[in-house]
Amino acid sequence: MYAQHLRKWSLKTKKQLMPLILLIISYMLLLNTCVLSSSATTQQQQQQQQQQQHLPRLWEGSAEESSYYIPLSSDNGSGSSESSAESGSSSSRSSSNNIDNNILSRLLSLNSNSLSSRSNVKLKPATVFDAGSSTPAQQEQHVAAVPEQQQQQQQQQQSMQKVPNTLINSQIYNLLYNGMPSEAASSKMRRHIQPSQLPHQPESRAQLPSNYSSRPAVRSYLIESYEMPESMLEDRSPEQAARSRRDGSNTNGSRQQQRTGHRQQLQQDKRDHRRQRQDQQKEQRQQQQQRQHKSGNKHQQQQQQRRKHQRKHQRYNRYCSARDPAQLAFAAPTVFQGVFKSMSADRRVNFSATMKVEKVYKQQHDLQLPTLVRLQFALSNSSGECDIYRERLMPRGMLRSGNDLQQASDISYMMFVQQTNPGNFTILGQPMRVTHLVVEAVETAVSENYTQNAEVTKIFSKPSKAIIKHGKKLRIVCEVSGQPPPKVTWFKDEKSINRKRNIYQFKHHKRRSELIVRSFNSSSDAGRYECRAKNKASKAIAKRRIMIKASPVHFPTDRSASGIPCNFDYCFHNGTCRMIPDINEVYCRCPTEYFGNRCENKWPDSRYFVAIYGQIHTLNNDY
């Protein structure tokens, strides 16, 4: 509009007056700009005065304390000072003031030993300088005390110089998150964190020895076993014993209360126990596969030889009463020795054979044994029964192969049969080739003074009164006597455990039986075990009981004086490594400045920084 009026008026005036008119117009415009600038400066001065008046209200007693210096990085100081000079709007400063006030109110409300009250919090004025260009001597000069007049002058000068916003935010995050800004600050804040404040991260992991396990320490138990006397067991009536076996109830009330009270703990122990058994089974399968892979054809040849000569390759840790000549001779009504005279040509499935009786060791009273006996046999893939109590008289004798019987005059066999009529026989067990030991066992078994009732002579546990680790094996041995050799069955808490092959392992020998707990667990495997023995001499059952108690072993909690020095590098920052051999555990004794399992973390500094209103202050902890 000025230009339009000037153009219209210039057309009417003379050309000599034009320079004077332009000078007057420029002078008027200059006056308007001066008035606007003066009003802006007055507003800025008023805001600065309000800020200086507001500082003593928030923090009391700050002028009495000595000043501290805060080193700033050269990059942040230079770049942020230029940006602060360019941005000078009053709205941005007012919003930043509100944010800083909120942060300070949060700091005062923290529940800690160092920030519990305002008396412990001391705000100290500080001087801002460039850390990159200063020397240690210059830093010491800044730390010196400053008179009150010089402090006021420095505050006025610092108020004109604005601290970069990124530095303020980084120092506030440093205070809020206990001196560990890298864990809580955003990626934008991490760019302004000094490298010295970052937590130390080890470059490489120490190499542990081959015998060290990284898994947590295994629990251990003190095993105590004692045999229960018969007086403690005869108090119960037979009806109560039968009811407890049928219902599965536990007469020990304290144990039942303990189970109901710690049901969740028992379930967790059972899950751990099951998991350990599964891991052990996997390891056993892998070991078996490795052994089979190494053996190769040699293992296959051994298997073929065992199939052809089964009796020669029986397992030594297993006693089969159904293959004991004494057991068969005592159980069979008729026992004789003979040779095969003829056999069927086709012996693939079923065949018959004629035997000539050479010697009779035992015979039925009502029937006379003929000289030639016709017997029937059948082939079976199974090796037959191992328990004499499960062995039955069969019309056909079971054989693994037709080649097991040889037709020769110098090869005799011992037969255990029952004569149903003069021409028919049932066979007990398998034909047994005659040797000196077989003849001696049969002659002893058919004698009149052979029988002896079964008896349990001793029962004990291995180990006893010793420490066993969780998941290891526990053995319970039961020694028996009697003729014929007794059969042993195992019970736990009045319940049979003979079918629990996944939890227990049984090794039956001629005069003793071993119960092996595959993976011992105190909650499920501790209790009362019973060994019962019987034989065919009488119906009486001999029994003995043993109580297994497992008490958890507690190692000393003060590990500063326990353990032996490690022979490998495990701890960081000059930490001392110690090892406890009993539980295979490694721990570190850290210096005062570090903490953690391997001394990998550093304690935060006791000084915290607060940056607000263009100034940087220090918040100290009084310990």
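Each Cβ is built from the backbone N, Cα and C atoms, and glycine gets one as well.
Note that the structure is predicted; figures quoted are calculated from it, not measured.
For Cys566, the cysteine that Swiss-Prot lists as its disulphide partner among Cys577, Cys588 is Cys577. For Cys531, the disulfide partner named by Swiss-Prot from the candidate list Cys478, Cys571 is Cys478.
Classification of Cys577 (disulfide bond) by DSSP places it within a strand. For the domain 'Ig-like C2-type' (457-542), DSSP puts the residue distribution at 4 helix, 48 strand, 34 coil. Looking just at the domain 'Ig-like C2-type' (457-542), the mean pLDDT is 91.
Rounded to a whole value, the Cα-Cα separation of Cys571 (disulfide bond) and Cys478 (disulfide bond) is 50 Å.
Within 10 Å of Cys590 (disulfide bond), counting CA to CA, the disulfide-bonded residues Cys478, Cys531, Cys566, Cys577 contribute Cys577. Each residue contributes its Cα atom, and for Cys478 (disulfide bond) and Cys566 (disulfide bond) these two points are 43 Å apart. Spacing of Cys531 (disulfide bond) relative to Cys566 (disulfide bond) is 47 Å (Cα to Cα, whole number).
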